[in-house]
Amino acid sequence: RIEKYLNNVKYVMSNIDADLDMCPVCGDTVSGYHYGLLTCESCKGFFKRTVQNNKSYTCSESQDCRIDKTQRKRCPFCRFQKCLRVGMRLEAVRADRMRGGRNRFGPMYKRHRALKQQKNALLQSHGLKAEYTPDLISPPTRTPFNFTNININTTPSDTITSDLHTQTHSGYSFYQNEPRHESPQYYHVSPLGALYSPVHAMAVIGDCSGIPGIPQAQCSGSFSAQGPALPHLLVEFLRCELDELQVRSKIIGRLEQMQGEGGSGGYGATHMYLMVDQMLFYIVEWARGSVFFKELKVSDQMKLLHHCWCELLVLDMVSRQLQHGRQGSLVLVTGQEVDLPALVSPAGPLLRTLVQKGQDLVESFRKLQVDRNEVVCFKFLILFNTDVKHVENQSFVENVKEQVHRALLEYTLCAYPQFLDKFDKLLLCWSDLCALSTLAEEYLCSKDICGEVPCNNLLNELLHAKHHSM
DNA sequence: GTAGCCTTGAGA
DNA sequence: TCTCAAGGCTAC
């Protein structure tokens, strides 16, 4: 009886939880999970009718009509586009119209519920209110959405998918790699099906991907323009950031000065090492002025910096490529762009690997839509590394690391509710970053041993400090 | 055509 | 047995 009572409570709570949500399409009350995400009853019905009957709509305006509860009937074209954009799944509409039962979204819904509860508990524990501003997610872009301008990397299973208006009853099983006869239910699939396939769409709530540089935070979820701001700690971290343009102009000035002094001519390897040295100078300056870090004893500060300078350097490079970089080129702190093939072709195997792995990491970051706030958290996670030995105030470092973890988790859950596992994936990226940093340090050490790294500078000192401590 | 309520049925 | 996300029905 107790178990039944608890189950009832759980059921009622989950309904209350759903009731508190608003449909990401029109803002009406959510009635449950429908076709991949929490929506209202009317959008569920609308989506079903559209897909089942191969409806084709046109928009009399400019294909960016506002869709809310009162106006959702006005433009079915824009309503359907919004359904797709927020993540409703064409594949979840059954081509065989079989009733009842379950589909493979079940575990996803379950996982989403659990994470939602976790998120709410986390927000409550931080005194934040989980609020939802549904129509802020629409439209994420003014670009008209159509079937032809989507560039998808097709997978083998996509090759038999088809256009919604021609072959929606292709009979292709949603259960990938299963022949039709093995599955009791068949699903509508179109090229969009691939776009919203489990591979691409962790989306169970609104999607603001596609707006470069603008996180979901500014579109929907718990952090709205008016709602609770970023986690307090993150705001503190952002305050510690150095002004990028100022740093750039100072570094350019310093390099020009050194060039004038005859220290380095042109833009060869020496120039690069001097630039790295300058980057390190500002990394140290950032750390020394940063919250928490400045509270540590200088000896502890040095130990932490000696351990992580290269990771911070790599993160700085990667985040710059993320922000300004283009395919096939490397953007330097000075704003100059270096052609990667030209850089790599005369290079040795170590530098080639380094460049390749760097590009891979940038790509991973890009795919994950890593934003500036997450990079800032990363910097503190790197700085407060609990693996560093002989730190006097170890408990302080551990405590800060834990706080940064929490802030990052809180931020990703609230700013990117459609990427519920973003935090985990960020941590995986972090380990890739550490591996890349090890490689970079190895490269710099080899160059230092060859005498290519200019002496008496910070880069030199940090390279030596690491060696001496080992 | 819309949307609220009903029925169904696989899976927990 | 219960749950809940599918499809169905029907008043509007």
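Residue numbering: from 1, along the chain as shown.
Quick reminder: no glycine exception, Cβ is built from N, Cα and C everywhere.
According to TrEMBL, the protein has these features:
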{"type": "DOMAIN", "residues": "A:20-95", "note": "domain 'Nuclear receptor'"}
{"type": "DOMAIN", "residues": "A:229-466", "note": "domain 'NR LBD'"}
{"type": "BINDING", "residues": "A:GLY348, A:PRO349, A:LEU350, A:LEU351, A:TYR443, A:LYS447", "note": "phospholipid derivative binding site"}
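Location within the structure of each feature annotated in TrEMBL.
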| residue | record | Cβ contacts under 8 Å, 6 or more apart |
| --- | --- | --- |
| A:GLY348 | phospholipid derivative binding site | none |
| A:PRO349 | phospholipid derivative binding site | none |
| A:LEU350 | phospholipid derivative binding site | A:LEU439, A:GLU442, A:TYR443, A:SER446 |
| A:LEU351 | phospholipid derivative binding site | A:LEU343, A:VAL344, A:TYR443 |
| A:LYS447 | phospholipid derivative binding site | A:ALA269, A:TYR273, A:VAL453 |
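In the three-state DSSP classification, A:LEU351 (phospholipid derivative binding site) falls within a helix. Here the domain 'NR LBD' (A:229-466) returns a mean pLDDT of 85 for the predicted model. DSSP assigns A:TYR443 (phospholipid derivative binding site) to a helix. In this view, A:TYR443 (phospholipid derivative binding site) is surrounded by 17 other Cβ atoms within 10 Å of its Cβ, with every protein chain counted. Neighbouring residues of the recorded phospholipid derivative site, listed in sequence order and excluding A:GLY348, A:PRO349, A:LEU350, A:LEU351, A:TYR443, A:LYS447, comprise A:ALA347, A:ARG352, A:THR353, A:LEU354, A:SER446 (Cβ within 8 Å of the Cβ centroid).
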